[in-house]
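What follows is one structure encoded as structure tokens, with my remarks underneath.
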């Protein structure tokens with residue numbers, strides 16, 4: 001961090017809002033890594049199968065995510081504009097939307113598990129390993145969609161600390177369930193990969209129950225008393241207008257990762273396993289930047305709602321500095337200690353050697369990624385939701401993916417080539433995002449709070 005850069009009151013508020021989000025994401029990531037560690041003791045093919053399945057599951061999160069993103073933006077701006085009386089209508093509308101979308105997604109995973117994994121270019125053995133997992137976990141995503149909407153409501157009210165209880169509970173229960181599924185304590189049978197999915201379903205169900213109780217306690221809203229008459233067509237249009245492009249940017253990114261996984265799968269199982277491990281580790285590297293970006297989004301939304309636009313601009317720039325410095329430090333340390341870190345997951349020397357070169361490239365990637373995370377969330381919070389989507393579509397699909405194929409396959413660089421392409425993508429988009437923020441176009445986009 002620059003020597004003349006000192007934390008002010010706004011920075012401290014950012015940290016206050018962001019640290020519970022940090023803990024929440026950390027728990028989510030650590031559970032994912034514990035799953036990878038547990039599965040690796042079961043079999044490395046299972047790591048590849050579950051890793052590919054999780055990419056499809058993560059993609060589905062962004063399908064229903066437009067409801068949560070749009071809801072969070074609207075409520076934050078309404079709070080800033082001192083129009084809290086309209087919030088129950090927004091919550092009701094969002095819940096009906098999340099149930100409809102979540103149920104549709106769940107049905108797709110229940111009916112077409114094998115076809116979805118075959119689409120990922122997995123061989124028959126990996127499809128057989130992963131199809132039960134993706135059917136059970138994916139079939140329960142309607143639970144996650146409702147919970148995510150409630151968490152968005154709590155965060156918009158600045159209740160990031162109470163919201164932390166939701167992932168804490170579901171994560172702890174999932175880990176306990178994973179232990180029972182894979183390690184057969186007390187003479188229980190080994191439930192294998194499918195047992196991991198059922199453990200997650202149980203944890204997520206308990207998370208929904210806790211989320212509902214928190215909503216009653218802190219927001220005075222009972223989801224059991226939700227009535228269709230509060231459903232608002234104007235607000236569902238606003239949620240779609242703001243949420244679809246906002247979530248579409250993240251959806252585009254995740255969809256691109258699936259295409260990359262299909263490319264990597266053609267390089268062999270060891271490279272696919274390496275990608276699963278490396279992806280798990282990189283989530284820790286950008287964890288701080290991710291949590292700061294989400295805390296910053298809450299602050300920007302409120303400032304835009306209150307028409308404090310100069311303060312919102314300054315807040316965005318300061319968050320970039322903090323997030324980028326944190327990401328650089330963590331990515332450099334990860335590169336230095338990558339051998340012992342990879343040793344936690346595998347002893348395969350080929351996989352470890354791939355990881356060394358990937359994490360050298362990752363230093364540059366993480367600096368640019370932190371800028372994108374902060375700026376995309378800030379632009380979304382202001383209502384300028386279309387530009388990040390168009391930038392993502394243009395750079396990811398026109399530049400990044402062709403480079404991934406060319407460098408990984410044609411140039412023979414393998415997974416390192418994919419990471420170089422990732423870096424090109426993040427750098428180009430970071431320049432576009434900063435340009436957009438500095439242009440001030442976003443100042444004219446906040447229409448949701450204007451009567």
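Using N, Cα and C of the backbone, Cβ positions are placed for all residues, glycine too.
Taken from TrEMBL, the feature transmembrane segment covers 21-39 (among others).
Cβ atoms under 8 Å from those of the transmembrane segment (59-79) belong to residues 86-87, 90-91, 94, 97-98, 101-102, 105, 109, 138, 141, 144-145, 148-149, 151-153, 155-157, 235, 238-244, 246-248, 250-251, 254-255, 258, 297-298, 301-302, 304-305, 380-381, 383, 446, 448-449 of the same chain, restricted to positions at least 6 beyond its ends. If you look up TrEMBL, you'll see 59-79 (among others) marked as transmembrane segment.
For 91-112 (among others), the entry in TrEMBL reads transmembrane segment. With a threshold of 8 Å between CB atoms, the same-chain residues lying at least 6 positions outside the transmembrane segment (91-112) that come near it are 57, 60, 63-64, 67-68, 70-71, 75, 134-135, 137-146, 148-149, 152-153, 215, 219, 221, 223, 226-228, 230-232, 235-236, 239.
The transmembrane segment annotation in TrEMBL covers 132-154 (among others). Outside the transmembrane segment (132-154) by six or more residues, the chain places 49-50, 53, 56-57, 60-61, 64-65, 67-69, 71-72, 75, 91, 94-95, 97-99, 101-103, 105-110, 113, 116-117, 160, 162-163, 166, 193-194, 196-198, 200-201, 204-205, 207-208, 211-212, 214-215, 218-219, 221, 223 with a CB less than 8 A from a CB of the stretch.
Look at TrEMBL and you will find 163-183 (among others) tagged as transmembrane segment.
According to TrEMBL, the feature transmembrane segment maps to 195-216 (among others).
Residues or ranges marked as transmembrane segment by TrEMBL: 320-345 (among others).
If you look up TrEMBL, you'll see 357-375 (among others) marked as transmembrane segment.
If you look up TrEMBL, you'll see 387-405 (among others) marked as transmembrane segment.
Residues or ranges marked as transmembrane segment by TrEMBL: 411-435 (among others).
No contact links the transmembrane segment (195-216) to the transmembrane segment (320-345), because fewer than 3 Cβ pairs that are 6 or more residues apart lie under 8 A. Remote same-chain partners of the transmembrane segment (320-345), defined as residues 6 or more beyond its termini with a Cβ less than 8 Å from a stretch Cβ, comprise 1-2, 5, 11, 14, 36-37, 40, 277, 280-281, 284-286, 288-289, 292-293, 351-352, 355-356, 359-360, 362-363, 365-367, 369-371, 373-375, 434.
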